[in-house]
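Features as listed in TrEMBL:
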type	residues	note
BINDING	B:ASP51, B:ASP95, B:ASP239	Mg(2+) 3 binding site
BINDING	B:ASP51, B:SER64, B:ASP95	Mg(2+) 4 binding site
BINDING	B:THR65, B:ASP66, B:ASP143	Mg(2+) 1 binding site
BINDING	B:ASP66, B:ASP95	Mg(2+) 2 binding site
BINDING	B:HIS73, B:GLU292, B:TRP334	substrate binding site
BINDING	B:GLY142, B:ASP143, B:SER241	ATP binding site
DOMAIN	B:49-159	domain 'PurM-like N-terminal'
DOMAIN	B:172-275	domain 'PurM-like C-terminal'
There are 2 protein chains.
Amino acid sequence: MSVEGAGEPVDRSRSVGDVGERRLIVELTRSSRALDATHRTADVVIGSGDDAAVIDTAGPTVISTDTAVAGRHFRFDWSDPRTVGARAVIQSAADIAAMGGRVTGTVVSIACPADTTVGTVLDLNDGILDATHRLGGRVLGGDLVGADEVVLTVTTVGALDGATPIVVGGARPGDVLAVTGTAVGASAAGLALLLDAHDRGNDELLTEFADLVAAHRLPAPDLGQGPAAAHAGAHAMTDISDGLVEELITMAAASGVALAVSSDRIPVGSDMRSAARRLGVDLREWTVAGGEDHELLGAFAAGTVPPGWTTIGEVRDGTGVRVDGRAVQDLRGWQSFGS
Amino acid sequence: MSVEGAGEPVDRSRSVGDVGERRLIVELTRSSRALDATHRTADVVIGSGDDAAVIDTAGPTVISTDTAVAGRHFRFDWSDPRTVGARAVIQSAADIAAMGGRVTGTVVSIACPADTTVGTVLDLNDGILDATHRLGGRVLGGDLVGADEVVLTVTTVGALDGATPIVVGGARPGDVLAVTGTAVGASAAGLALLLDAHDRGNDELLTEFADLVAAHRLPAPDLGQGPAAAHAGAHAMTDISDGLVEELITMAAASGVALAVSSDRIPVGSDMRSAARRLGVDLREWTVAGGEDHELLGAFAAGTVPPGWTTIGEVRDGTGVRVDGRAVQDLRGWQSFGS
């Protein structure tokens with residue numbers, strides 16, 4: 001990477017194509033370094049700006065990657081770039097937490113059209129930096145390339161700090177199932193509200209249920225519960241990204257067990273109940289079928305569920321998943337059962 | 001990730017949109033696991049298929065990410081998907097080697113249109129797997145998402161095995177500059193031949209200079225020279241991805257030194273000389289301005305250049321870069337000087 005022009009600030013209203021990817025990479029690296037100077041962690045030997053970064057955490061490294069595409073996984077007319085960037089980090093970081101890992105760093109790829117403004121890219125990057133720092137990690141590098149649409153890929157690395165990594169396939173008959181958070185399905189509720197407002201051209205409910213909309217734009221799972229669960233000896237864990245039913249089906253199949261949950265034990269806020277009534281939907285469409293909260297689902301030996309987790313069901317001999325006593329094969333199966 | 005339908009093989013001629021991303025992820029994970037079973041490394045605690053992978057190498061982790069976009073960084077009408085996948089890995093892995101790291105693993109994001117065939121995605125993945133394994137690493141996970149165009153992001157991690165990481169900014173006056181490989185600029189030569197054939201509608205030279213075209217489609221740098229240089233005590237190192245001139249300018253600025261190289265010391269094959277004559281171009285357009293060979297550029301104390309490296313110049317007090325005695329400010333500056 002060349003450093004020509006690194007002295008002058010970049011006009012945020014200019015386009016990426018006009019300024020050039022290389023010049024903008026200099027700016028992104030400068031932002032990262034400036035913020036990193038106030039968030040130093042002992043783990044980082046060499047930060048962003050060289051060919052590669054070097055991070056030194058004792059013990060194994062946990063790693064996962066996640067991609068979000070504009071118009072498919074997020075919409076710039078519904079979320080500002082900072083929020084989009086932060087959300088991409090949380091999505092990727094949740095996979096680290098789901099193994100019991102603590103986030104140590106992220107590397108980020110931003111692909112964007114040439115007419116994207118510099119301000120949009122810098123804001124995306126600020127959101128990525130901020131979310132990574134809030135999780136205790138550092139942005140370790142990235143790439144910026146031209147493309148026809150915005151594609152964000154965040155790879156997150158983490159440390160286990162002596163804990164055994166928790167796989168999805170370790171649930172045992174007799175275990176209890178538990179989830180983190182106080183509002184599982186809030187992201188799905190927020191999405192439903194946004195879609196409803198869009199369809200009806202009426203923003204009223206978005207104001208009334210602003211917290212749910214915010215939960216969709218930027219979920220805020222307590223990812224520290226991942227390491228907590230690992231240290232508590234969780235038998236199995238995953239993050240709820242594709243809907244609770246899908247994650248249960250995956251955990252049941254991978255563990256060779258049957259899982260049963262009661263939807264009324266799933267933690268929800270009173271605003272979710274109100275919003276479901278107002279939209280005339282079954283609350284379970286959000287709690288059971290909804291995803292993207294990135295809360296954690298774990299299987300624990302009875303009596304070992306850590307504080308901050310809510311027990312929602314149990315692990316049994318057999319196969320398959322039961323919700324409120326009814327067998328479900330897949331998300332579609334649950335939805336047809338639910339309606 | 002759900003595992004429904006994992007029993008039946010997927011028809012390669014069907015589209016990704018038809019089969020579904022989730023079903024295809026199952027297939028990709030199965031491919032990875034099958035190949036990995038024959039390439040086990042002690043480093044991997046948990047491979048692909050869970051929320052995240054876990055890798056355990058003693059000491060620091062080197063990490064870098066790199067993105068390639070169809071129509072911009074590669075063309076499916078010029079390269080088959082296996083080659084595209086392998087090239088993406090080499091591009092990313094070269095950054096690990098440039099720090100002195102040995103590749104231990106990759107994680108991969110594939111974004112592609114719904115009408116992409118399953119066969120294309122499986123071939124991309126096979127190329128990624130094969131290249132990662134050839135470098136001694138394992139594919140540790142990935143993501144597959146829909147997009148309007150193919151966007152490939154490869155994040156590579158590596159180990160230093162006790163060596164000190166080599167930054168780009170460590171060159172010292174009195175050092176010698178050296179490069180790896182026997183044909184620096186071969187990728188640029190191959191690209192020039194492809195563009196010429198495309199413009200003229202004549203494939204003749206592509207057959208005559210098949211090795212150069214192959215070097216463009218899939219560069220094959222000896223990335224083991226990265227760790228070798230680190231163990232030899234290299235002072236500075238980077239990979240030549242953006243053209244030798246650009247990398248020299250970066251190294252000079254980051255190190256606070258002047259760099260001087262002689263273009264006739266840059267290692268080239270006789271086929272490059274022939275091809276340059278046939279196309280009527282200055283060979284230096286490929287050796288000095290060309291990039292994407294992903295060979296390594298290093299600065300070493302005199303007398304410490306390892307076998308496999310060719311000395312091409314020296315490090316002096318001062319600033320800036322000189323090629324064949326002429327100062328160059330940037331790639332464009334060199335090109336105008338060259339022509």
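Quick reminder: no glycine exception, Cβ is built from N, Cα and C everywhere.
Chain A comes within the C-beta cut-off of under 8 angstroms for the following of the binding-site residues B:ASP143, B:ASP239, B:SER241, B:GLU292: B:ASP143, B:ASP239. When the binding-site residues B:ASP66, B:ASP95, B:SER241 are screened for a Cα within 10 A of the Cα of B:GLU292 (substrate binding site), the ones that qualify are B:SER241.
With DSSP states grouped into helix (H, G, I), strand (E, B) and coil, the domain 'PurM-like C-terminal' (B:172-275) comes out at 56 helix, 13 strand, 35 coil.
For B:ASP95 (Mg(2+) 3 binding site), the nearest neighbour among the binding-site residues B:THR65, B:HIS73, B:ASP143, judged by Cα separation, is B:THR65. Put simply, B:ASP51 is the one of the binding-site residues B:ASP51, B:THR65, B:HIS73, B:ASP239 whose Cα lies nearest to the Cα of B:GLY142 (ATP binding site). DSSP assigns B:GLU292 (substrate binding site) to coil in the three-state reduction, outside any helix or strand. Using Cα positions, the member of the binding-site residues B:THR65, B:HIS73, B:ASP143, B:SER241 nearest to B:ASP51 (Mg(2+) 3 binding site) is identified as B:ASP143. Separation of the C-alpha atoms of B:SER64 (Mg(2+) 4 binding site) and B:ASP239 (Mg(2+) 3 binding site): 13 Å, rounded to the nearest whole number.
Of the recorded residues, B:ASP66 (Mg(2+) 1 binding site) and B:SER241 (ATP binding site) place their C-alpha atoms 11 Å from one another. Same-chain residues at least 6 positions away in sequence with a Cβ under 8 Å from that of B:ASP143 (Mg(2+) 1 binding site) are, in sequence order, B:VAL108, B:SER109, B:ILE110.
Counting other Cβ atoms within 10 Å of each Cβ, the lowest count among the binding-site residues B:ASP51, B:THR65, B:ASP239, B:GLU292 belongs to B:GLU292. Of the candidate binding-site residues, B:THR65, B:ASP239, B:SER241, the one lying closest to B:HIS73 (substrate binding site) when CA atoms are compared is B:SER241.
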